[in-house]
Amino acid sequence: MAAKFLSLACIRPNESGNLSPRPHYPSMPKYPKGVVVSSDEEKFVQGSEATAVFSVTGMTCSACAGSVEKAVKRLPGIKEAAVDVLNNRAQCFDLFIGVSDGRDVVLLFDGIGLLEETIRETIEDVGFEASLIKEEMNEKSSLVCRIRIKGMTCTSCSSTVESSLQALHGVQRAQVALATEEAEVRYDPKILTYNQILEAVEDTGFEAILISTEEDRCKIHLHVEGVRSENSMRIIGNSLEALPGVQEMNFDLELNKLSLSYQPDLTGPRNFIEIIESTGSGRYKAKIFPEGESRGSHRAEEIKQYYKSFLWSLVFTIPVFLLSMVFMYIPGIKHGLDTKIVNMLNVGEILRWILSTPVQFIIGRRFYIGAYKALRHGSANMDVLIALGTNAAYFYSVYSVLRAATSPSFESTDFFETSSMLISFILLGKYLEVLAKGKTSEAIEKLMDLAPERATLLTLDSEGNVLSEVEIDSRLIQKNDVMKIVPGAKVACDGFVIWGQSHVNESMITGESRPVAKRKGDVVIGGTLNTNGVLHVKATKVGSESALAQIVRLVESAQMAKAPVQKLADRISKFFVPLVIFLSFSTWFAWFLAGKLNGYPKSWIPSSMDSFQLALQFGISVMVIACPCALGLATPTAVMVGTGVGASQGVLIKGGQALESTHKVNCIVFDKTGTLTVGKPVVVNTRLFKNMVLKEFFELVAAAEVNSEHPLAKAIVEHAKKFRQDEENPVWLEALDFESITGHGVKAVVRNKEVLVGNKSLMVDHNVTISLDAEEILAETEGLAQTGILISIDRELVGIIAISDPLKPGAREVISFLKSMKVRSIVVTGDNWGTANAIAKEVGIDTVIAEAKPEHKAEKVKELQAAGNVVAMVGDGINDSPALVAADVGMAIGAGTDIAVEAADIVLMKSNLEDVITAIDLSRKTFFRIRLNYLWALGYNVLGIPIAAGALFPSAGFRLPPWIAGAAMAASSVSVVCSSLLLKNYKRPKQIDSLAIRGITVE
């Protein structure tokens, strides 16, 4: 029998040396720091984590693993649990309990009270054998921080920052997103601090602002009034240290800011405020520290700055334009402007020089700073092109004016209007670009706005009666608080209903359009809208642990992740600006040389210019028309909008890689149970081969099955309850010598009778004779897409229970629609061949693989990939994890609030199969938009540069003035962002909506 593995890790004692005062088993005393307690005499080290691996024998499927997981999670101190079946050992499940780090999952439990014996006894109580394999100490190896980076203008900027971060010793991974102007850095906290990371970004010439770190997940910042000395800090610190669960404190006396790390299972911010305000005879007052600028406020500030700069540039540029282009043709004004001051220097030139200088050096200062920073680090960006182009026009004009002032015969021609208008149009373009980019991240902002600001806290007595209610800041909600949700109010936190009934609109989280009925015991999600009844909700997940916070983090990470197609823009950006500079100088030199050598007729030269000035205009036009920004924004803006649209429809796409792979999918592998079927099996028929009372029969069967967490076992127990309707929670007969037999069923002794419940193989292995009648009934049951469970008592077959897991409504239509999208569908299941074939026939799938273990599903996925298919795996994210990882795209369906499915690339929040179509269709539409963006960005540069260089001038006499070239450059970036924004109008295929209209959507 294959062994499974349970991995556990524990957080060591707190600063005081004692364990947190949780409920303890009698054998779990509070140990002082450093005391040896484990069997191998390992010492407990402050602030570390320990991993203990248990061998668990007898688990056969995800349900078994789930039963162990649930049992261990009930122990005091367990924080989180998740099943990981990524180990490729035969018939082997690894259960890791704890915090997720990338694709690695470990268990965290607080205090050393959960000793080896307690854990082993708990697992054995569930019906499995367990033994300790190893225990090891480890520190958390990495942290993730998010940084806002101000000043990036193109792909070259983001590449420079990313390269600098990746070169830092201790940085494991760094991603810089131009569209969001943010960086996500995974680093080793033993080698590096986030302050050093911020310094590295600022060394590249950009402003860096810390948004968050993983350390903030269980950290609260309070503003404490009344603290004037270190003594006050010590008094408050001593009071807070007495609270269980307080881990670390930092006080900033200058800002009166207190930062606290804590264990949310034990305490919370409301407790801290109460303690602070009760300390020092009420001298101190505390409240949540005001949040720093959010992404939205940062974007608003950036929009405001560009708008202000553009308006100021117009104040100077419009007069320069009028002096250059309009007033010169009005006789009276022209005479005044042509009035000579010194030699050939006239009034018009002086005015244009004076008006254009503030635009060039004050308003345009940002371009000089950006160019300097880029060149200092050996790269060139858009700012370099703008600075070179405007400087060429401005300083040639200055030279021309000074020469006119010193020469009695030189007639100058200046380009002051070129530099001023260039800067004005570029600022207009940047203003429109940041305005449009702000709309690409609206999805995250809308999600963040879902959380209500205020909530109503209830105080209950021991019998559940309401003693008082008070309105509080929603950030002060703690675990196990009871909140009152009135009609029309948002649910303040994740939790479950303890009183009342209502309908809750969850469309903003799951995409489900119809309100969902909620009554006692039902789970609710924070941020959803209560419609018509009052609910009392007990909080289970608050703050950063809530489903809403996890979704926001997932979408933020998705928008940071680069699609492979982005590599094209990154490669081009490395040589784009140097190439444009080379082409610009080459254009100027070619036209200048042609003019000097009489390579073209003198009539080509405008009357107000000479050959040098004409060549200079062509060179400047080439320099300013080229646009690296459009290339850099083509992919990330489309990915941002696409993932945001997906999130609004309950389809969480984990980044550009997942989007790119999904649009290529031509083969989908479906798990059966819980994916094609509802996942809630029910008993539909019972056939007895021996005269006995049906109630007595189910008493024996339920007594054996009640110890199993398998879905089929649960279905049998639920059916047995119908024979004992007089009891709300019936107590079943005692089952002795219970044994769960891998892949076959269970065995137990009930009322001195040996009861076997399982499949045909179990009966054969125990020499139970199966009659021809029983064989026929089994075949008939499987033909109806039902599972036949055989029951023997004292080695005699006494009955067959037929269990059906109903097909999801609309499954056939979804498979049919996938065929029309040229996507092949396959069923892979651990169920028997008869049931699998019947289900496949019913939904219209031709290829079936049955009786497959989790590792066999992964092998089948690899076979399909080897045959040249791009494979998606759709499963429930538990026993399908190996296949989800092996597939090109893993889709975890029906994840609900449990969105931390590490193995999946796409998480479908609802249990609706049509969301599979939505994911594929949305990815195809997104990548069509990306291709369109690239076509425009590349096509614009490929066509625009030759036109700016004067390619049409000899034949058509068409010349592109530099200021128009600059306007075209600005327009190209705006057009790419606006093209991506069109994805916000995405609508699901009409066929999917017709399924919902016909009532096929699954609740």
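A Cβ is built for glycine as well, from the same backbone N, Cα and C atoms used for every other residue.
Of all ranges given (419-436, 887-904), TrEMBL attaches the label transmembrane segment to 419-436. In this chain, the transmembrane segment (380-399) lies apart from the transmembrane segment (309-330): fewer than three C-beta pairs between them fall below 8 angstroms, excluding pairs fewer than 6 positions apart.
Secondary structure of the domain 'HMA' (143-209) per DSSP, as helix, strand and coil residue counts: 22 helix, 24 strand, 21 coil.
With a cut-off of 8 Å on Cβ pairs spaced 6 or more residues apart, the transmembrane segment (614-634) and the transmembrane segment (309-330) reach fewer than 3 such pairs and are scored as not touching. Mean predicted confidence for the domain 'HMA' (218-284): the pLDDT average there is 81. The highest tally of CB pairs under 8 A with the transmembrane segment (963-983), across 309-330, 419-436, 575-594, 934-957, is held by 419-436. Residue counts for the domain 'HMA' (218-284) under DSSP, helix first, then strand, then coil, are 27 helix, 20 strand, 20 coil.
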